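Now, the feature entries from TrEMBL:
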| type | residues | note |
| --- | --- | --- |
| DOMAIN | 100-197 | domain 'Ig-like' |
| DOMAIN | 219-293 | domain 'Ig-like' |
| DOMAIN | 298-423 | domain 'Ig-like' |
| DOMAIN | 426-523 | domain 'Ig-like' |
């Protein structure tokens, strides 16, 4: 009475894994040994027991001694009891030997303190129809130091995941070494290993990666200050700058592992940096200090404050003191150079005096250009900074040119050009009236300008017509060129009263392009005025 089969799979077939060439059991065990069971293969085959290849065993089911591809598919065991047909279904699934991946989920190498637990998880991923054998080899395997747990995760619809977890509750020094997880499926084999290091106690060692005094350059996008650290377990890391937590002093400071990153380096980043390392649970502490020097490219103070005024004019024969104040780290040195102007007396004027001309490095004994009285250099605290002040004293100003002061250190070089234009004209522009003429005499006006500073020199007559000032050009002009200046002479012979007016010398500033006028009021006296009694 009741069901003929011990397990009934009438709705959903039971999966049976098979390997070709090996024994396959269809486990349709019966509740009574005298029940007759028939084995059918979908759709129309019937497998008849022959006592050799197909054997019926009421306690096991049907035993197929040498399974082939023909047994792959839906197999059904059928039995009739009291006129009722019972069926239990099995789906054979051919097993493969593919191992997709094997991994140890613990980082390599594994580091532990003596007495702590070791847990290594080996994971093998295979297709759904693959089964594997997982074994471990490890240093004290013969004494079975480790326990191993295995499980399979079949929740994934595409793959099986097999786990083998090796555990040693309290590691000792003898447990250090290589741990290998081996995975085998038929002829397929894969393995993965990791090394285990055992330490007796927590420790920290810290050394300078390079030297104790480090250097970088202001303006660098990023600088990494790092120490060589060996420690276990991983210590807490704090960086100090001059005794205070660095990352609290500036958002430009970032901690990365055992390194301190300084973004957008400035001169203020120079100082003493200390790394504090601590493993508080083991009461282990270490620290080490490095000094960072931030080198700065030289800057010339006078160049920074200059708003590019007109070049200075230096009176002919005068003694002049030229200075350059430079700042940089390391302290820069200052040298002086001379670029002579290209004198050409055939020209009506000189062009810009350019420092593209050949230059000469100066020393106190130089006989190039103007006579040098002295060249000195001294250190001075200016605006709270230790600056280098370079001084060049010109004993006798006679030759126009350009003096350059050049400040240099290991980071770089910066220069400042000082246009040194000699003038034999007060302020570089002078108008002279020989005497106020009387009707019938000659009017003689002269305009002298510095030839490096002015061009397009001409005399004009200013007249007011309908409340507008008109400029009238004058043709009777004669030019005289000297070493340092140009003189434009205006002579009007046998003047009349109509020649009275405002005479102006007009010139254009070479550097600014601005037109400059210097005026002279001329009033011609009538000849009869000279005859009147005083």
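Placed from the backbone N, Cα and C atoms, the Cβ positions cover glycine too.
Just so you know, TrEMBL annotations are computer predictions that nobody has curated.
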Tally of DSSP helical, extended and coil residues in the domain 'Ig-like' (219-293): 10 helix, 47 strand, 18 coil
Number of helical, extended and coil residues in the domain 'Ig-like' (100-197), per DSSP: 6 helix, 58 strand, 34 coil
Helix, strand and coil counts within the domain 'Ig-like' (298-423) (DSSP): 5 helix, 69 strand, 52 coil
Structural state census, the domain 'Ig-like' (426-523) (DSSP three-state): 6 helix, 62 strand, 30 coil
Reported mean pLDDT - the domain 'Ig-like' (426-523): 83
